[in-house]
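Please read the structure below before turning to the comments.
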Amino acid sequence: MTNIRKSHPLAKIINESFIDLPAPSNISAWWNFGSLLGVCLIIQILTGLFLAMHYTSDTMTAFSSVTHICRDVNYGWIIRYIHANGASMFFICLFMHVGRGVYYGSFTFTETWNIGILLMFTVMATAFMGYVLPWGQMSFWGATVITNLLSAIPYIGTNLVEWIWGGFSVDKATLTRFFAFHFILPFIISALAAVHLLFLHETGSNNPSGVVSDSDKIPFHPYYTIKDILGLLLLILVLMLLVLFSPDLLGDPDNYIPANPLNTPPHIKPEWYFLFAYAILRSIPNKLGGVLALILSILILAIVPLLHTSKQRSMMFRPLSQCLFWLLVADLLTLTWIGGQPVEHPFITIGQLASILYFSIFLILMPVSGIIENRLLKW
């Protein structure tokens, strides 16, 4: 008699995805972030569900309902802070996951990669709308500034912004619809993540060497389930250190001031995980140009497979490309720092140089280094 996990229609899907899945024998800890993203998503959906039970999406009561959650609801404070800092952990894992894909050439699985880019946009949209919900100063002004960017779209821009706002400014209608979207999007993300896995399992996982590993596979369980549990424990440790010791470390103090349309905060800035894109947006003096650069800062990942010139898939044996990769990481950290600074000299110039370098690495330097490394192979 066959094992139930191999015969039952539902159990069979789980078995082929997480138990008997053939996995390369040499994948490193950089391959842990996929499962960690799944865990982050589950944590966010669960904590978000409990927060939604007590939250009211009305401009008059939104701020006080969040205060009520923190002060009066049993363990409301910890649920709220796990949700807020869980978003930060989500983005840390997301950046590591994408970075791994760029470094080891996982982008050659184009279907999986493109679904991943779509997932990234969806997660960013969800996080942005979630940041608006507490209805603090930074929530209100962040929503005003970011939605206003759509007015740069020629001809339909102004109508589009007013349509999204549901009026002539960010108000009750905007908050209500943002709550509705923020609630539904994580379930769409879950569905996209399932499609992401479906495409990945069509090809099998990549590995650090970038070489096809069909002749050397091991079962996912117990080897990688144990490895994933170690990563999970470390994730929970870092998350709980944040939540219990410095829950407001990554937040903005201005968001503890109720939203006031008559008083603009001195520096309007998004959460830390959007600062790199915000710096790229601000580095271009033209509004439409800035919006295009903002979108392209993520969308540029879609053309990485097209600009892959090297004969080797992974960067493991490509020192020149490795230098460029770490230059890109340093550049992103610089952009993140610049995004949080006021718009004044020397930050404007640094931001512009960092933005030029960001696009140059992807569009020029990486493809050229691939060609040079191909030549070096013949020496």
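Backbone N, Cα and C define each Cβ position, glycine as well.
These features come from Swiss-Prot:
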- HIS83, HIS182: heme b b562 binding site (BINDING)
- HIS97, HIS196: heme b b566 binding site (BINDING)
- HIS201: ubiquinone binding site (BINDING)
- 33-53: transmembrane segment (TRANSMEM)
- 77-98: transmembrane segment (TRANSMEM)
- 113-133: transmembrane segment (TRANSMEM)
- 178-198: transmembrane segment (TRANSMEM)
- 226-246: transmembrane segment (TRANSMEM)
- 288-308: transmembrane segment (TRANSMEM)
- 320-340: transmembrane segment (TRANSMEM)
- 347-367: transmembrane segment (TRANSMEM)
Cβ contacts of HIS196 (heme b b566 binding site) (under 8 Å, same chain, 6 or more positions away): THR112, ILE115, GLY116, LEU119
Give the distance between the Cα atoms of HIS201 (ubiquinone binding site) and HIS182 (heme b b562 binding site), rounded to the nearest whole Å. 29
About how far apart, in whole Å, are the alpha carbons (Cα) of HIS83 (heme b b562 binding site) and HIS97 (heme b b566 binding site)? 21
Long-range environment of the transmembrane segment (347-367) - Cβ separation under 8 angstroms, sequence gap at least 6: 279-280, 282-284, 293, 296-297, 300, 303-304, 307-309, 321, 324, 327-328, 331-332, 334-335, 338-339, 341
Excluding the flanking five residues on each side, which residues at least 6 beyond the ends of the transmembrane segment (77-98) place their CB within less than 8 Å of a CB in that stretch? 30, 33-34, 36-37, 40-41, 43-44, 47-48, 50-51, 66, 69-71, 116, 120, 123, 127, 130, 235, 238-239, 242-243, 247, 250-251, 271-273, 301, 332
How far is it from HIS182 (heme b b562 binding site) to HIS97 (heme b b566 binding site), counting Cα to Cα, in Å? 23
Counting a contact as 3 or more Cβ pairs under 8 Å, with residues at least 6 apart in sequence, do the transmembrane segment (288-308) and the transmembrane segment (113-133) touch? yes
Using Cβ atoms and a strict cutoff of less than 8 Å, what residues sit near the transmembrane segment (320-340) while being 6 or more residues removed from its termini? 95, 99, 102-103, 267, 269-270, 272, 274-280, 282, 310, 347, 350-351, 354-355, 357-358, 361-362, 365-366, 369-370, 372-373
Is it the case that the transmembrane segment (226-246) and the transmembrane segment (33-53) touch, counting contact as three or more CB pairs under 8 Å in which the residues of each pair are 6 or more positions apart? yes
My understanding is the cutoff is Cβ-Cβ under 8 Å with a sequence separation of 6 or more in the same chain; which residues meet that for HIS97 (heme b b566 binding site)? PHE33, GLY34, LEU37
A 10 Å Cβ contact count, applied to the binding-site residues HIS182, HIS201: which residue has the minimum? HIS201
